[in-house]
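Participant: Feature list, courtesy of TrEMBL:
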type	residues	note
SIGNAL	1-15	signal peptide
BINDING	ASP58, ASP335, HIS339, ASP376, HIS377, HIS452	Zn(2+) binding site
BINDING	ASP58, HIS169, THR171, GLU330	Mg(2+) binding site
ACT_SITE	SER108	active site, phosphoserine intermediate
Amino acid sequence: MLLLLLGLMAGTCLSSLPEQEKNPQYWWDQAQQTLQHALKLQELNTNIAKNAIMFLGDGMGVSTVTATRILKGQLHHMSGEEFQLEMDKFPFVALSKTYNTNAQVPDSAGTATAFLCGVKSNHGTVGVSAAVTRSQCNTTKGNEVTSILRWAKDAGKSVGIVTTTRVSHATPSAAYAHSADREWYSDNEMPPQALTQGCKDISYQLIHNIPDIEVILGGGRKYMFPKNTPDVEYKDDEKASGTRLDGQFLTNVWKDKKPRNKNAHYVWNRTQLLELDLDRVDFLLGLFEPVDMTYELNRNNQTDPSLTEMVEVAIKILKKNPKGFFLLVEGGRIDHGHHEAKAKQALHEAVEMDRAIGLAGALTSENDTLTVVTADHSHVFTFGGYTRRGNSIFGLAPMLSDRDNKPFTSILYGNGPGYRIVAGERENIFTVDYAHENYQAQSAVPLGSETHGGEDVAVFAKGPMAHLLHGVHEQNYIPHVVAYASCIGANKDHCKTFSSSAGLAPQPALFSGLLTIFLLLSLLF
């Protein structure tokens, strides 16, 4: 009876094999079409990137990308495996080595410093070099490193940050902050010694370090307000109250630092965001939750915008600058879902980020916009078990374990909170709702929080100079490519030979040489 039930459940999402796939000509034609498309890529896009967008799927390793592809396909009523994500359509793909200078398996702070600032650094530190020791404030001074967001701003471009985490979290903070500890969200989280030595918390740095960031959207409200200030949305929840010890209302400070002839708007819910007349918005700060934003599956459509909605607003504001823009977008809660072993939450977060990637593509042009999609690190997330074609990505393997005679899901974790022992044996998943959005997939080793993985992650790229992302790279190489393509930062000598409309333009030296030859010929004849 158990085997029969297992077979029925495993086959509930099984789609019949498409008839055309039985014909070898189908696969032949598909491969030939792909080949013709690849040959066209020999005509490289060497334009200047007026705009650059970096999408960062926090914790989005290759196994997560594959599982997300299957899920999104199944949400479109397909078997899933043959589906194409928006990022799958990018013509150039590379691999990124994610280790930190002091860690084989990295954290999001050191990796963010790499892919935003162009240098590798230590685990747990943001916007500083490897000379800084975590949590030691007095090692910070003189070891700060700047980010591609700063380089873009210095070049006169508009810049923005959009995240589903708190805006002071590891990934976004590396764009503007220099901190010996990624967890110094407000001064309340800092040790007295660090405050005495003059270090500033990350939320303070967000407002003061680069005060003219045009768009900041995400969570992290509580770190902007004085300690015990009731939250505007969760008034009776003490955990949502302000945390700051310095008494500052940083949202007010943010607005006061803007020029009087500019329109600066602070919003805290979806309705306020979507009611804005974006033609009349110069600066926008949106903080939609006290800490991180809620998972997409649990999002309140009235109070919290989706990642796609935030990206749309950001691009429409930033693209008004004739010099272009740089936008950092983080699907940050992919990582959180994995840490909690909640694979359904993690993968739906990744699906939402892929929607945002598609929307960004529709709002920009590949001719002048470089788009890079990557991850900071992976997770010990896997799926297997010889599942059949079309099997629900959250479904069961089509067999029982030959060791304990119990069923198991295709998705599993190497370690994490999903480890369960009942009566001395592995938990029988038929006794729980493994299809629930908060089901914690089983793991091999018990941990309160599942860990990152150490393998390489994918880098997808399209637009000007996207071909420079190829092969296997150190993670800190990524912002150097974006800066080179955008003609920002320190490496700009090649920009004299560029024409944004026609790629490489003749060099002045060439004209001088031709003129000399012409004059010599005139004298001879």
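Quick reminder: no glycine exception, Cβ is built from N, Cα and C everywhere.
Nobody curates TrEMBL annotations by hand; they come from automatic prediction.
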Participant: Cα of HIS339 (Zn(2+) binding site) to Cα of THR171 (Mg(2+) binding site): how many Å, rounded?
Facilitator: 16
Participant: Under a criterion of Cβ-Cβ distance under 8 Å and sequence separation of at least 6, what residues of the same chain contact ASP335 (Zn(2+) binding site)?
Facilitator: ASP58, GLY59, SER108, ALA346, HIS379
Participant: Starting from the Cβ of ASP58 (Zn(2+) binding site), draw a 10 Å sphere and report how many other Cβ atoms land inside it.
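Facilitator: The Cβ of ASP58 (Zn(2+) binding site) has 30 Cβ neighbours within 10 Å.
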Participant: Which number gives the other C-beta atoms within 10 angstroms of the C-beta of HIS377 (Zn(2+) binding site), all protein chains shown included?
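Facilitator: Excluding its own Cβ, the number within 10 Å is 28.
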Participant: Tell me, how many other CB atoms lie within 10 A of the CB of the residue listed as 'active site, phosphoserine intermediate', whichever protein chain they belong to?
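Facilitator: The residue listed as 'active site, phosphoserine intermediate': 27 neighbouring Cβ atoms within 10 Å.
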Participant: Hey, for the Mg(2+) site built from ASP58, HIS169, THR171, GLU330, who else sits with CB inside 8 A of the CB center?
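Facilitator: Neighbours found: LEU56, SER108, ALA112, THR163, THR164, THR165, ALA170, PRO172, GLY331, GLY332, ASP335, ASP376.
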Participant: When the number of other CB atoms within 10 A of each residue's CB is tallied over all shown chains, which of the binding-site residues HIS169, HIS339, HIS452 has the maximum?
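Facilitator: Buried the deepest by this measure is HIS169.
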Participant: Counting every protein chain present, what is the number of Cβ atoms, excluding its own, within 10 Å of the Cβ of ASP376 (Zn(2+) binding site)?
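Facilitator: There are 31 of them.
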Participant: Taking the Cβ of THR171 (Mg(2+) binding site) as the centre, count every other Cβ atom within 10 Å, in any protein chain shown.
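Facilitator: A 10 Å sphere around the Cβ of THR171 (Mg(2+) binding site) contains 28 other Cβ atoms.
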Participant: What does the structure give for the C-alpha distance between ASP376 (Zn(2+) binding site) and HIS169 (Mg(2+) binding site)? Integer Å is fine.
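Facilitator: Cα of ASP376 (Zn(2+) binding site) to Cα of HIS169 (Mg(2+) binding site) measures 13 Å after rounding.
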Participant: Sorted by position, what residues of the same chain at least six away from GLU330 (Mg(2+) binding site) have a C-beta under 8 A from it?
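Facilitator: Counting only residues 6 or more apart in sequence, the Cβ neighbours of GLU330 (Mg(2+) binding site) under 8 Å are PHE55, LEU56, GLY57, ASP58, ILE161, VAL162, THR163, THR164, THR165, HIS169, THR171, PRO172, GLY218.
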